[in-house]
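Taken from TrEMBL as is:
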type: TRANSMEM; residues: 31-49; note: transmembrane segment
type: TRANSMEM; residues: 56-75; note: transmembrane segment
type: TRANSMEM; residues: 81-97; note: transmembrane segment
type: TRANSMEM; residues: 109-128; note: transmembrane segment
type: TRANSMEM; residues: 140-161; note: transmembrane segment
Amino acid sequence: MKRNSLSTLIEGALMVGIATALSFVKIFQAPYGGSVTLGSMVPILLYSLRNGAAKGILAGASYGLLQLIIEPYIVHPVQVILDYPLAFGLLGLSGLFNKKVWTGITVGILGRFFSHFLSGVIFFGSYAPEGMNAAVYSALYNGAYLLPELVLSLLAVRFVFYRFIKMDEERNYLS
């Protein structure tokens with residue numbers, strides 16, 4: 001049974017809302033933005049895996065804009081684009097791998113990492129300790145919170161995503 005666009009839109013809005021709520025539960029807060037949360041990327045990743053990359057990118061970008069409104073860290077207009085709608089929108093790349101969940105999650109989070117990495121090299125390189133390359137600094141800084149987020153997301157999806165599959169199978173069986 002094909003879901004209609006309204007139910008897909010509502011699902012996306014709910015996932016953005018859940019992701020935003022989860023973003024308030026911080027395990028670690030980095031000094032210049034970025035944090036390890038209680039799986040705040042998982043709803044966007046799940047939505048992307050279920051509905052495809054295009055819808056996932058849109059939901060992720062919406063989530064990024066909400067993050068910009070709630071907790072902005074702004075140094076330049078281009079940095080805003082790289083660190084908010086683009087970075088979170090790239091989580092939607094997970095939707096390219098709906099049959100390979102682990103790969104999809106990893107690619108989505110790596111997409112987010114790449115956007116933050118570019119922003120770090122271009123706009124935050126001056127924060128690097130003396131003698132440290134801006135690219136190395138950006139990779140270490142962003143990896144320090146996105147690697148734990150990746151691990152937490154993989155664990156959460158291991159327990160949550162498979163329940164979604166079971167619910168879908170049961171719903172299709174009962175229809």
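A Cβ is built for glycine as well, from the same backbone N, Cα and C atoms used for every other residue.
Quick caveat, the model's predicted, so the values are computed rather than measured.
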Message = Which residues of the chain, 6 or more past the ends of the transmembrane segment (56-75), have a CB below 8 A from one of its CBs?
response = 12, 15-16, 19-20, 23, 32-33, 44-45, 47-49, 83-95, 108, 123-124
Note = Tertiary contacts of the transmembrane segment (31-49), defined by C-beta under 8 angstroms and 6+ residue spacing from its ends, are 11-12, 14-16, 18-20, 22-25, 55-57, 59-60, 63, 73, 83, 88, 91-95, 97-98, 101, 104-105, 108-109, 112, 116, 124, 127, 141-142, 144-146, 148-149, 152-153, 156-157, 160-161, 164
Note = Outside the transmembrane segment (81-97), at least 6 residues beyond either end, the same-chain residues with a Cβ under 8 Å of its Cβ set are 33, 41, 44-45, 48-49, 51-61, 63-65, 67-68, 73, 103-105, 107-109, 111-112, 114-116, 118-119, 122-123
